[in-house]
Amino acid sequence: MKAIVIGAGIGGLSAAVALKQSGIDCDVYEAVKEIKPVGAAISVWPNGVKCMAHLGMGDIMETFGGPLRRMAYRDFRSGENMTQFSLAPLIERTGSRPCPVSRAELQREMLDYWGRDSVQFGKRVTRCEEDADGVTVWFTDGSSASGDLLIAADGSHSALRPWVLGFTPQRRYAGYVNWNGLVEIDEALAPGDQWTTFVGEGKRVSLMPVSAGRFYFFFDVPLPAGLAEDRDTLRADLSRYFAGWAPPVQKLIAALDPQTTNRIEIHDIEPFSRLVRGRVALLGDAGHSTTPDIGQGGCAAMEDAVVLGAVFRQTRDIAAALREYEAQRCDRVRDLVLKARKRCDITHGKDMQLTEAWYQELREETGERIINGMCDTILSGPLG
């Protein structure tokens, strides 16, 4: 049996590894000639870390995951802690530590694990067809590839999604812009083992440790889509949006490199009622494009891969296996997308009365409520 995997990002490579573990040959195709990850880093929470270990890639997480031991929210003006707490209870309850990791490092290490030479780059899909014998995809260079099944892990702009769904869904602007990048850890910004988030005015500034003595940082600002802002205006834009914010925020704006800082308008897509059509399955962002507000986008793709591998260990009936994959994943990924959307709206001031109430909750937070919510999300994954 042979699978075609479209996309060599986190989801596609996880899927290829999972299928190979289940005894299925995989050919992996990637649209671009060189993968340049969108975003500087990614939060891999314990459900994702467990998936990576299950797939044989646990060493990547252990080596490149940042030392995240505490969490704190700080007042945007004073910089004083609203709440601060240890993540030890979360680690104890979930059985794994969270691993914030540079996207470039994660992508590189996963490619090396799969085998960079085993990925065919520069292969952008135009269409696919299914018949009784299998699935065929065609690429923009005129070539084609055939297999017994097809995994569409081609991202939030998936070319194969409309074929599976029977319609072309519209991406939904979440209402905010995110700037993100990497800077050297500086205790004047935040403790080097802590996820620190400054909140106020429906905006936030966050710092999270990754490997090699660096912080992953991001700024969120509720804004209209399509503003004429770029790297040339970046520092001035952030200085304007965060005028009057605490000294560490000003220091971060001064320290960042505009040329390596990403500016992203955040979108999601309404959850789908299906992920499979015949021999073709959607996986990762192609199947559930979410905002990053609960840090579960990459983890969900890893979960997809683990379930995909498991269903093919149970049966070699492709249609039955993919129906079971869909049955196990649809409700889970819908829940994650909608949880992230709800969190997004509260964080970014869609209703400032609710956002102000959240700020007050943070001032009374011991950590227990937040950790309970995170554990509920994490432990609902396929590996518990």
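Placement of Cβ uses the backbone N, Cα and C atoms for every residue, glycine included.
Listed in Swiss-Prot for this protein:
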type	residues	note
BINDING	Gly11, Glu30, Ala31, Ser43, Val125, Asp285, Gly295, Gln296, Gly297, Gly298, Cys299	FAD binding site
BINDING	Asn178, Arg204, Tyr216, Phe217, Phe218	substrate binding site
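The binding-site residues Ala31, Val125, Cys299 differ in how many other CB atoms lie within 10 Å of their CB, and the one with the most is Cys299. The binding-site residues considered are Gly11, Gly297; of these, Gly297 has the fewest other C-beta atoms within 10 angstroms of its C-beta. Apart from the site residues Asn178, Arg204, Tyr216, Phe217, Phe218, the chain places the Cβ of Trp179, Asn180, Val205, Ser206, Leu207, Met208, Phe219, Asp220 no farther than 8 Å from the centroid of the site's Cβ atoms, the recorded substrate location.
Spanning the listed FAD site, residues Gly11, Glu30, Ala31, Ser43, Val125, Asp285, Gly295, Gln296, Gly297, Gly298, Cys299 have a farthest Cα to Cα distance of 29 Å. Residues Asn178, Arg204, Tyr216, Phe217, Phe218 are listed as the substrate binders, and the farthest two of them sit 14 Å apart at their Cα atoms. Rounded to a whole number, the distance between the Cα atoms of Val125 (FAD binding site) and Phe218 (substrate binding site) is 32 Å. Around Arg204 (substrate binding site), the same-chain residues at least 6 positions away in sequence with a Cβ under 8 Å from its Cβ are Thr197, Phe198, Phe219, Asp220, Thr347, His348. A strand conformation is recorded for Val125 (FAD binding site) in the three-state DSSP classification. Within the same chain, residues at least 6 positions away in sequence whose Cβ sits under 8 Å from that of Phe217 (substrate binding site) are Ala40, Asn180, Gly181, Leu182, Val183, Val205, Ser206, Leu207, Met208, Leu252, Leu256.
Annotation note: Gly295 (FAD binding site) sits in a coil segment as assigned by DSSP. DSSP gives Ala31 (FAD binding site) a coil state; it is part of no helix or strand. Taking the binding-site residues Tyr216, Phe218 in turn, the residue surrounded by the fewest other Cβ atoms inside 10 Å of its Cβ turns out to be Phe218. Residue density at Gly295 (FAD binding site): 21 other Cβ atoms are found within 10 A of its Cβ, drawing on all protein chains shown.
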